[in-house]
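According to Swiss-Prot, the protein has these features:
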type	residues	note
DOMAIN	5-240	domain 'ABC transporter 1'
BINDING	37, 38, 39, 40, 41, 42, 43, 44	ATP binding site
DOMAIN	257-501	domain 'ABC transporter 2'
């Protein structure tokens, strides 16, 4: 059997944690091989070893049967290995073509031969079905197009083995379909692909084999045709995982949040929320369903004080809170799990223990007379780290070093521990594995069952249908329908999200 990549007994450790513990990975020529594991299982670390970003303490790497020492990404490129990182590495002010050729520019008379560069980029683009605009600035193209540019960068450098690190985490459903077709085209052309992921549906749809990693150890390698999502999920987390969220019927109480006719503008001054009204009661989860870009983000920002409203009112337990400061709104009884945990949820270069106290550090017993009591802060942080199973070497580890799932658990613990009357959860499971998703869902339902009001924003229809007691459909900044998840389907919901009336959606669904 011809293996293009063999990683044998790879060990890589960081202070306080063994990320890869004698892992083996063998990739066949012309296959799409999934590397599956929870957030923090060691998948990206293993691939960073293969790409020369990390050096292992032990183990052997073979490329096309030959033992190699990969001490830098340049060495990996020379061996035909390319990596499409989860966080793209493009220069915003450069054109797509300039980004692709950066570092390997074709020269003519000592100067960059732009005509030849553009033609070479176009030729590769046409060959692999990666349609792009070479002269467009990287900052001006969609996330999906930026990813195509990253793929073309690896192909331009002659990669035969491509590593994709969580490639669908930031893509729309349509862009995900396009990416899967691109991967199929690459394999047809003789390329081999390693796909780092925790999305089981994608593995079943596109991969040939899968290697499961759990807590830094290689668990099993399987043919995808011989397994199923349930088996993969249990191998990944070490126990059975429920894909269906269990919850009893809601018992709504008094109105907690009342939004009445608000209008909100985005950063360009364009109205993105228009005369919108919505209510959330104690003891219920209200889900907001809509295609991204229809005013959801601005709505959440207005409720949490991150954006001004131009008209209308927002009341919490009968008191108006619109246009108050974020701290005053928080102290009035709102917890916020933000859509972008890095931008609005954490200070990445602070210890995770201090991040957990970001909403409370100025209160007793953590602060007195302007002096922080670090001992009390870290004592509280340790208890929440244990309660919410935040996997970290210790409470002093910087938030940046934690996996996405553990970062999210820390945020959820911080917000729920404050005992808010209204919990706003915006994209709470984005980028998380099935085990972490199950954990988040249980916590949201626990809040509902404790009599709290929960406002859920998600672009995952399955999540909205599973968790919500009521679904409010947003389109072009307005709530155009309110539906009972027990009485609708994903198809009908999708039509409503595209702007159909309830009557039209019902007919199409019928």
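Cβ from N, Cα, C; glycine included.
The Cβ centroid of 37, 38, 39, 40, 41, 42, 43, 44 marks the ATP site; residues of that chain outside this set whose Cβ lies within 8 Å of it are 45, 198, 213, 403, 433, given in sequence order. Counting every protein chain shown, the Cβ of residue 40 (ATP binding site) has 23 other Cβ atoms within 10 Å. Within the same chain, the residues at least 6 positions away from residue 41 (ATP binding site) whose Cβ sits under 8 Å from its Cβ are 213, 214, 215, 216, 236, listed in sequence order. For residue 43 (ATP binding site), the same-chain residues 6+ apart in sequence whose C-beta sits under 8 angstroms from its C-beta are 35, 36, 37, 196, 213.
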